[in-house]
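Written out below as structure tokens is the structure these notes cover.
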Amino acid sequence: MFGPILIFDSGIGGLSIFDEIRKVLPDQDCCYLFDNARLPYGELEESVLIKGCVELICEQALKIDASLVVVACNSASTLVLPGLRERLSIPIVGVVPAIKPAAKLSIARHIGLLATPGTIKRSYTRELIEQFADGCKVELFGSSELVMLAEAKLAGESVDLIKLRAQLEPIRQSKLDTLVLGCTHFPIIASEMQQILGNGVKLLDSGVAIAQRVVFLLNEFSLDKVVDNRTKNLTAIYTTAEISAGLTTRLAEKGFTKIVSRSSANLG
């Protein structure tokens, strides 16, 4: 087994990536670090986002001697990867919206990207569309409200379908046939989204591709960090003083045995 993987997100959206990684690496140690004190990232100034993310990720990666870092956040991935690669010598995996497979899959040649406002406005996103969706009509939809709906669901609350329907109405009206979920929070409410959009709209995310990339990189670059540890270690660290009982329960159900605030974590 390899040394621990550090998975980072602004909130619980990265758990959609964690779930896919666990399917292919069920015995792998993981540390899930979520910066819920600054949620949602899609509305932060770029300089603030970059500085905070790089500091948090580097601090924790060094503490746990991580084999690999997954930035399981689209908003952060568009900005922080260069800074991380300057400071860390381990592989860094970011999340890229699934524009390329969506363009190949769309029969109508009409796709949508649903992401946070920050991801929607970045030049990186426009470059992806220009490179991989040539010949397709691409519509962009930004929403921070869906991030909070996903957070609420994982904390044990029912999804507010009225709010969700209002957020998705422009997509329903667009008549597209393929929708890219460009935020790792969104797969958490994918079943509710499918219910509203109907089966005529295919939903795509990057979770499986990220998990496959992680496996490849661990085998390719991390052989020097193989450890002998028969006890799985799944740790979740948050940046607020506390989290809800509902979220604590959901994290425990996913196998996390240590769930602590960054201020009280003793992982060094």
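Including glycine, each Cβ sits where the backbone N, Cα and C put it.
Annotated features, as they stand in Swiss-Prot:
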- Cys73: active site, proton donor/acceptor (ACT_SITE)
- Cys183: active site, proton donor/acceptor (ACT_SITE)
- Asp9, Ser10, Tyr41, Gly42, Asn74, Ser75, Thr184, His185: substrate binding site (BINDING)
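Cα of Cys73 (active site, proton donor/acceptor) to Cα of Asp9 (substrate binding site): a span of 5 Å. Put simply, Cys183 (active site, proton donor/acceptor) is 10 Å from Asp9 (substrate binding site) when counted between their Cα atoms. DSSP assigns Tyr41 (substrate binding site) to a helical segment in the three-state reduction.
When secondary structure is read from DSSP and collapsed to three states, Cys183 (active site, proton donor/acceptor) falls in the coil class. Rounded to a whole number, the distance between the Cα atoms of Cys183 (active site, proton donor/acceptor) and Asn74 (substrate binding site) is 5 Å. Cβ proximity to the substrate site centre (mean Cβ of Asp9, Ser10, Tyr41, Gly42, Asn74, Ser75, Thr184, His185, cutoff 8 Å) flags the following additional same-chain residues: Gly11, Gly13, Gly14, Pro40, Cys73, Ala76, Thr116, Thr119, Val147, Cys183. For the pair Cys183 (active site, proton donor/acceptor) and Tyr41 (substrate binding site), the Cα-Cα distance reads 11 Å. Note: Thr184 (substrate binding site) has non-local neighbours Asp9, Gly13, Gly14, Ser16, Ile17, Ala72, Cys73, Asn74, Val95, Asp205, Ser206, Gly207, i.e. same-chain residues 6+ apart with C-beta under 8 A of its own C-beta. In the shown protein chains, 30 other C-beta atoms lie within 10 A of the C-beta of Ser10 (substrate binding site).
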